[in-house]
């Protein structure tokens with residue numbers, strides 16, 4: 001599995017589209033939004049605001065990376081015949097699905113680090129050891145989206161994978177509270193938001209860095225339920241797709 005994961009990771013990192021959409025876009029949004037709103041906040045408020053938005057964009061970056069890496073690429077592989085070849089190799093379903101998930105997670109890490117670096121160097125977020133803990137939260141939460149991307153790639157075609165990935169990205173960005181504060185939502189929608197892994201990534205990460213009160217067990221439960229559901233779905237989708245290609 002690890003050899004296949006390394007192969008997938010190197011293929012993705014050579015893709016110029018990955019560099020633009022996954023690395024540069026979240027960084028540009030993070031810097032632009034914080035700088036445009038800096039004058040509205042005092043120094044103390046700006047630190048909290050910049051940290052919270054850093055985590056929003058870190059969550060957005062990892063969702064985008066996972067969906068584009070696993071979802072779009074896997075759908076293209078199925079259309080090109082590469083997936084059919086993989087099903088004939090000694091690789092087990094768990095090796096292929098697990099390799100896709102691990103590669104997607106690994107691809108998201110540079111994007112998150114780029115967001116963190118821009119927040120520290122340009123937006124003035126303070127460097128402390130808890131940034132590493134926040135990075136760990138993002139990586140843990142990204143398992144869910146890597147598994148979701150794998151499901152998307154296995155049940156869509158090359159033509160529809162991008163649209164399906166964008167719908168999933170918009171759902172977790174909007175309903176997940178990355179583009180709209182939880183406090184401004186209706187109560188019923190806010191309750192749904194708290195059950196999404198994207199919200200838990202941003203909420204837990206910013207809480208750790210700023211010292212706010214957060215529930216680690218709640219976040220782990222949300223991550224676990226979504227991740228297990230998508231991993232099981234990915235394995236079932238793989239078996240169905242493998243049979244269909246023979």
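In case you wondered, yes, glycine gets a Cβ from its N, Cα and C as well.
Those TrEMBL annotations? Automatic predictions, nothing curated.
The domain 'ABC transmembrane type-2' annotation in TrEMBL covers 17-241. Annotated transmembrane segment per TrEMBL: 18-38, 50-70, 101-123, 129-154, 161-180, 219-238, in sequence order.
Of the ranges 50-70, 101-123, 161-180, the one with the most Cβ pairs under 8 Å to the transmembrane segment (129-154) is 50-70.
If you look at the transmembrane segment (50-70), the same-chain residues 6 or more away from its ends with a CB under 8 A from one of its CBs are 8, 12, 17-18, 21-22, 25-27, 29-30, 33-34, 100-101, 103-105, 107-108, 111-112, 114-116, 119, 123-125, 134, 138-139, 141-142, 145-146, 148-150, 152-153, 165, 168-169, 172-173, 176-179, 198, 201-203, 205-206, 209-210.
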